[in-house]
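Below: the structure, in structure tokens.
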Amino acid sequence: MEQKRVKFVDLAGGILILWIMAFHAMNNCKVFGEVDVRVALPFLTFSMPWFFYRSGQFFKEMPCREGVVKDCKKLLIPFLKWSLIGYVVYLAILAIDRNLTWHSSVVDVLKTFSIYGYILVNVPSWFVLSLLFVRIISRFLIRWSIPPVATIIICIAIGFGLHRLNNPLPFYIPNVAMGIAFFMIGYRLGRYETNKQLFAVCLVGYLAFLLWGPSIVGHHRNILLSGDYLLWPLFAYCGIVAFNNLCRYLDAFLSRSALGKYRPITFIGQYTLILLVAHALVYYPVMHFSTLPPWPTVGIMFLGYAVLLTPLLLRARTKQQKR
């Protein structure tokens, strides 16, 4: 049972990390003009909430000290490592642009980190640091027996309140608050997602949102992109439950078919954290230096992604041949 669960999670994670990579390429190139890609293509906009939700669903209680140490090893160390790599790339870009000054290489970088929670060029790494804080804070809330439902309501209220105030605080405050909300939703409600009635209701609800207008919030910057802020958690939850169940069914089908022996997307899903923090090293330099129109630039980014993914897929192939 555990092995099947992991396969299904990897399949879902693989699909969503590929979407995130494509989204960053398309959105940074403004392929739809001033319209955000998440609004133009709203089908997988629950991707960031999904990762917080999953973290909560599979959360294991342990002594807080032990848990914090474990979280730091899994999240803080990769954040620092990939941020350092991204920073070196950023310095190289500044040097090529002949703009390598104290202000641009240190002051601007620290200012960006203090507001956005990442170090250039590794923009997506904000999620890793936010997830670290989400897990640490949630550990203590669970240990102190704070009701998850109360935590969810309070955190959504914090995110909504800061949104209404035009986000006067650094963005990691609202995105951590909403991250805790989705984490607690996964922790409290994740066990029920296989219920067929719940799946049916969430699938219908998600399709209804897509038909009549989804409520979408950019999780990182807590910016309302469409719809109503307070409906965003409901829209995301419906999408998560529907998507997870569809991935379960797809995984079961693939397991019975000839394709079950080698599933590249499932294997990619085992490396979501690495791909999340590494793909910025592809799209950011291309975005910075490209003078081509949007779609050709996106094409170059996708080729770069293919180069990034090739070693992982070759490794998967080698592992499968050894079995």
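In case you wondered, yes, glycine gets a Cβ from its N, Cα and C as well.
Per TrEMBL, these features apply:
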{"type": "DOMAIN", "residues": "7-310", "note": "domain 'Acyltransferase 3'"}
{"type": "TRANSMEM", "residues": "7-25", "note": "transmembrane segment"}
{"type": "TRANSMEM", "residues": "37-54", "note": "transmembrane segment"}
{"type": "TRANSMEM", "residues": "75-95", "note": "transmembrane segment"}
{"type": "TRANSMEM", "residues": "115-134", "note": "transmembrane segment"}
{"type": "TRANSMEM", "residues": "141-163", "note": "transmembrane segment"}
{"type": "TRANSMEM", "residues": "169-186", "note": "transmembrane segment"}
{"type": "TRANSMEM", "residues": "198-217", "note": "transmembrane segment"}
{"type": "TRANSMEM", "residues": "229-247", "note": "transmembrane segment"}
{"type": "TRANSMEM", "residues": "268-286", "note": "transmembrane segment"}
{"type": "TRANSMEM", "residues": "292-314", "note": "transmembrane segment"}
Query: At an 8 Å Cβ cut-off, counting only pairs 6 or more apart in sequence, do the transmembrane segment (37-54) and the transmembrane segment (229-247) clear the bar of 3 or more pairs?
result: yes
Field: Distant-in-sequence neighbours of the transmembrane segment (229-247), which means Cβ under 8 A and at least six residues beyond its ends
entry: 8, 11-12, 15, 44-46, 49-50, 53, 156, 159-160, 163, 178, 181-182, 185, 189, 193-194, 198-199, 202-203, 205-206, 209, 214-217
Task: With the transmembrane segment (75-95) as the reference, find which of 7-25, 198-217, 268-286 contributes the most Cβ pairs under 8 Å.
output: 268-286
- prompt: Which listed range (7-25, 198-217, 292-314) shows the maximal number of Cβ pairs under 8 Å with respect to the transmembrane segment (268-286)?
  reply: 7-25
Task: Return the stretch with the most CB pairs under 8 A relative to the transmembrane segment (292-314), choosing among 7-25, 169-186, 198-217.
output: 7-25
Message: How about long-range neighbours of the transmembrane segment (198-217): same chain, 6 or more residues beyond its ends, C-beta under 8 Å?
response: 38-39, 42-43, 45, 159, 163, 178, 192, 223-232, 234-235, 237-239, 241-242, 245
